């Protein structure tokens with residue numbers, strides 16, 4: 001039986017408005033990166049992106065905002081989008097990724113049609129102060145606990161290649177395993193010249209070993225998803241991610257960087273004799 005690959009697409013419903021100082025993120029207003037910046041994307045455009053993603057095999061669609069966490073205005077905006085998408089595309093699993101959130105806020109999202117919430121730990125508790133000083137790692141962990149307690153599907157992972165040590169990688173993965181996420185997104189840092197952070201880049205072999213390590217250390221996760229940085233990190237060795245434990249990818253564009261055309265990803269999977277998942281377990 002062929003391995004089935006779960007496809008997900010993400011939509012930046014507001015962009016580049018965050019006041020936090022995460023050193024790896026071009027969406028912070030502090031770094032003045034050359035990216036699109038807008039407060040709210042039109043719902044008609046979001047619906048079109050969701051329809052395109054679903055028609056290309058995506059079962060997950062993530063609504064991403066660029067602030068530290070949910071406030072009333074953002075919560076209402078995400079809920080209004082979810083209500084439209086739930087009606088138009090009932091088979092599409094709606095995911096929210098809106099930063100720190102209380103249980104009450106998460107329950108409101110759930111009532112609007114959101115099924116899952118993505119909040120990454122990013123790195124280890126020990127290393128986090130070196131990449132962000134405006135909020136704590138503990139706040140991130142608490143939000144993940146809130147997601148579980150609100151009855152939403154937890155999606156939580158991190159980003160490799162920030163200059164972290166091997167011990168930090170192991171520490172983060174242990175913390176993630178304690179939260180029992182359904183899906184673990186793995187991102188690989190892509191340097192933007194506007195950002196302060198400029199560590200030595202990972203090798204392809206090192207990145208593949210990190211996918212394998214993630215699968216080994218979080219054995220109960222249904223999906224290990226290779227997300228941001230996939231094309232740039234792996235190049236013509238991209239197909240090797242699946243043999244090393246990945247069974248999910250993000251298709252289409254990322255938040256502030258371009259991905260491959262969706263059709264090219266589908267062609268890659270077909271060439272590897274890998275089927276696209278047709279249902280959410």
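From the backbone N, Cα and C atoms, a Cβ is placed for every residue, glycine too.
Keep in mind it's a predicted model, so treat the numbers as computed, not measured.
If you check Swiss-Prot, you get these features:
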BINDING   18, 22, 25  [4Fe-4S] cluster binding site
BINDING   62, 97, 223  [2Fe-2S] cluster binding site
DOMAIN    1-230  domain 'Radical SAM core'
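Counting other CB atoms no more than 10 Å from each candidate's CB, the binding-site residues 62, 97 peak at 62. Listed in chain order, the residues near the [2Fe-2S] cluster site other than 62, 97, 223 are 8, 10, 60, 95, 116, 118, 155, 183, 185, 225, 227, 250, each with its Cβ within 8 Å of the site Cβ centroid. Taking the domain 'Radical SAM core' (1-230) as a whole, pLDDT averages 92 in the prediction. DSSP classifies residue 62 ([2Fe-2S] cluster binding site) as strand under the three-state reduction. The Cβ of residue 223 ([2Fe-2S] cluster binding site) lies under 8 Å from the Cβ of 6, 182, 183, 184, 247, 248, each on the same chain and at least six residues away in sequence.
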